[in-house]
Amino acid sequence: MAARSWRDHLPQGSRGPHRLILVREQDAQHSGSGCCGRLGEAHTDLGGAADYRHSRVLMQDIGAVYREVRARLPDLTVEVVDPRNTVWLYPAVWQDARAAGRSARECFAGLRRAGAALAVILDGEVLFSGRMPQTADVVAAIEQRLSGS
Amino acid sequence: MPAFYLIVITLGAFYLGYRFYSKYLAERVYALDPNFKTPANELADGVDFVPTNKHILLGHHFTAVAGAAPIVGPAIAVYWGWLPAIAWVILGTVFGAGVHDFGAIVTSARNRGQNIGTLSGKVISARASTLFLLIIFFLLTLVNAVFGVVMAILFEAHPGSVIPAVIVIPIAMCIGQWVYRMRGAVLIPSIIGLVLLYAAIPVGQMFPIHVDGLADMLGLSVRTTWVILIFAYTWVASRLPVWLLLQPRDYINGQQLLVALAVIFTGVVVGWDTITAPAVNDVAEGTKHWFPYLFITIACGAISGFHSLVASGTTSKQIANETDARYIGYGGAMGEGALALAAILACTAGLGSAADWNTAYASFGAASGGALDHFVTGVGHFLSNIGIDAALGASFAVVVVVTFAGTTMDTGVRLQRYILEEIAELAGFKALVGKTSLLTTLAVLIPLALALVPGGDSSGGKGFAFGQLWTLFGTTNQLTAGLALSVISVWVMARNRNPLAAIVPLTFLLFMTSWALILNLLDFLAQGSWMLLIMDAGIFVLTAWLIVEAVTALNRQRRTA
């Protein structure tokens, strides 16, 4: 039996040869650790939206990239993940970077920059971390990398 | 019996539950359709609606539902013996939490990702939305009260843990500056933060913090002094911007949860400890009996209504395929059950001999007042199995619990502020609207008053009512689960599927909750505990209201069908 890879776990129709990981905080994580501090969407409805405005801005910035990438590069696998999801994020970035032929040193450098409140990672390479330019420029950078691969 | 056997039995039962019962739920009850276009796909905007890999989403969902509550409940409930506690964790997870969490995701996903509050208004009745708001009000009041006491108990019993628990605050603030202001990546800072935090544990042991002097000056007990200091801290913390403390502390908490689970289970396996607690504890006549109190003492870890709030409205907006709901909802419930298992192991196999256990759990008051102390002592013992000093291990466990409890209180007070404002608006008290400081003060004073209610709990004659508060919190949490199960039941009936899988836990929970509330009511009346009596009566009214709403909605649906 063939070894299973992350692509086997993806929904049908999203198993392209390249993977884009968009890192940003999730709403579900917004109200503090522990079940008793999480009210999910009810938290936002009750007024929490104002508290987390800065995180929403980043979510919306990444959302714009997501929509643009989905429209222009439908075959590209796109994952959106919270930087606190360390169990998934770091192994995934490492695996993608190794699969793309990067050295261990480059892989470690990638890991160091991957977990930010906002990051754009293509095939294990961290294109933007912490800040990013306009959506069009981000998508152009992704397309440029893909055309060069 | 070796504690390891309990791990095998529990995880084996979870596996069978997932393999067979969740399959039944997926195929026969919720009738999952792999071709159904989920809200994540239909409304994909990359912000709220994002089709997400199920492994990623399980991580988000699990860390959102797991916290300190599945530790506290089981740590108290082993008072009745390890067998009732573990049996309820297994049965509750397999037939309650699994159905509830899984069902909340599916029901919400089939309703464009709406949350359970909105859905209850839509599926049950318009009044149910008000009911939801009131349940949340009681829930948050009790959450803040119990976690305030939890932290005070731990600081009093483990003064060596105060420095590491406090040092988390400046560490989190530095991470907050780095991540949100300087937009830096968090891997290295969070590792440094964790190392600094753990390095502070031996420092704390060398310089234990006692507040006896302050307590004497104020004429209060040490525990009361700690409770007041903790609520004063919460007032300040809840006024800070969330990016400064609340959010960055979450980066540390997430790692701590994983480290704690890993070391506890490793310690049990390496040490091959045996369970010294009795299977069923022959409790004294006249004390709280496990039936019905067990079912409200362990809420999180067996079934918790809080999960429906995360499952609906957020997780449901991100499932890429409807069939993923089984893995995420049922799987997340099992993860929480594993946390409860860890707490049961620590309090039944980590306290030393059977005589030590009997001393620790001599009465319900000692069990509840000392529950967290027992847990951290047990974890300390497990860590000693892997070569870490037991006192340092116990401090580590205190820091884990306190950072979760502190974050929960910070959020709880913020939310309570919003709810009080909403209630003030509804009631026409315009003077309160927009007064953040006043609202925060009220949000702190209400649970503080509850936390200071005298009672019979002690692990040294301190006389708090923690056990009673905890059971009230459990009833409110089960009430929230009841509301979600009502919505799920009505929705399943509307699809012409057999709703028994949801109706049975619903009926069980409402019956046990009502029974426990009535017993508590009589106790509080006899003791003259008026504040607890008012809380209990209020929750009982909400329960009766929910029963009427649920029966009416189910009957209406049955007639329609």
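Cβ atoms are placed via backbone N, Cα and C, with glycine included.
Unlike curated records, TrEMBL annotations are generated automatically.
Features of the protein shown, as given by TrEMBL:
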DOMAIN    B:3-348  domain 'CstA N-terminal'
DOMAIN    B:367-516  domain 'CstA N-terminal'
TRANSMEM  B:6-21  transmembrane segment
TRANSMEM  B:62-80  transmembrane segment
TRANSMEM  B:86-109  transmembrane segment
TRANSMEM  B:130-155  transmembrane segment
TRANSMEM  B:187-206  transmembrane segment
TRANSMEM  B:226-246  transmembrane segment
TRANSMEM  B:258-278  transmembrane segment
TRANSMEM  B:327-351  transmembrane segment
TRANSMEM  B:382-406  transmembrane segment
TRANSMEM  B:427-450  transmembrane segment
TRANSMEM  B:470-493  transmembrane segment
TRANSMEM  B:500-518  transmembrane segment
*Highest-contact recorded stretch vs the transmembrane segment (B:86-109), from B:226-246, B:258-278, B:327-351, B:382-406, CB pairs under 8 Å*: B:327-351
*asked:* Which sequence-distant residues neighbour the transmembrane segment (B:327-351)? Criterion: at least 6 residues beyond either end, Cβ under 8 Å.
replied: 3, 6-7, 10-11, 14, 17-18, 22, 25, 54, 57-58, 61-62, 65-66, 70-75, 78, 82, 85-86, 89-90, 92-93, 97-98, 100-106, 260-261, 264-265, 268, 273-277, 298, 300-302, 304, 307, 311, 315, 319, 357, 360, 371, 374-382, 397
*Out of B:187-206, B:427-450, B:470-493, which stretch touches the transmembrane segment (B:62-80) the most, going by CB pairs under 8 Å?*
B:470-493
*Which residue counts does DSSP yield for the domain 'CstA N-terminal' (B:367-516) in the helix, strand and coil classes, in that order?*
121 helix, 5 strand, 24 coil
*Please work out whether the transmembrane segment (B:470-493) lies in contact with the transmembrane segment (B:427-450), by counting C-beta pairs under 8 angstroms that are 6 or more apart in sequence and asking whether there are at least 3.*
no
_Interface-richest range of B:130-155, B:226-246, B:382-406, B:500-518 toward the transmembrane segment (B:258-278), CB pairs under 8 Å_ = B:382-406
*Residues from the same chain, set at least six apart from the ends of the transmembrane segment (B:427-450), whose C-beta lies under 8 A from its own*: 141-145, 148, 227-228, 231, 234-235, 238-239, 412-414, 416-417, 420-421, 469, 531-532, 535
*Going along the chain, which residues at least six beyond the ends of the transmembrane segment (B:382-406) come within the CB cut-off of under 8 Å?*
67-68, 71, 147, 150-151, 154-155, 158, 160-161, 164-165, 168, 197-198, 201-202, 204-205, 233-234, 237, 249, 252-253, 256-257, 259-260, 263-264, 266-268, 270-271, 273, 345-346, 350, 372, 375-376
*Would you mind giving the whole-number mean pLDDT across the domain 'CstA N-terminal' (B:3-348)?*
93
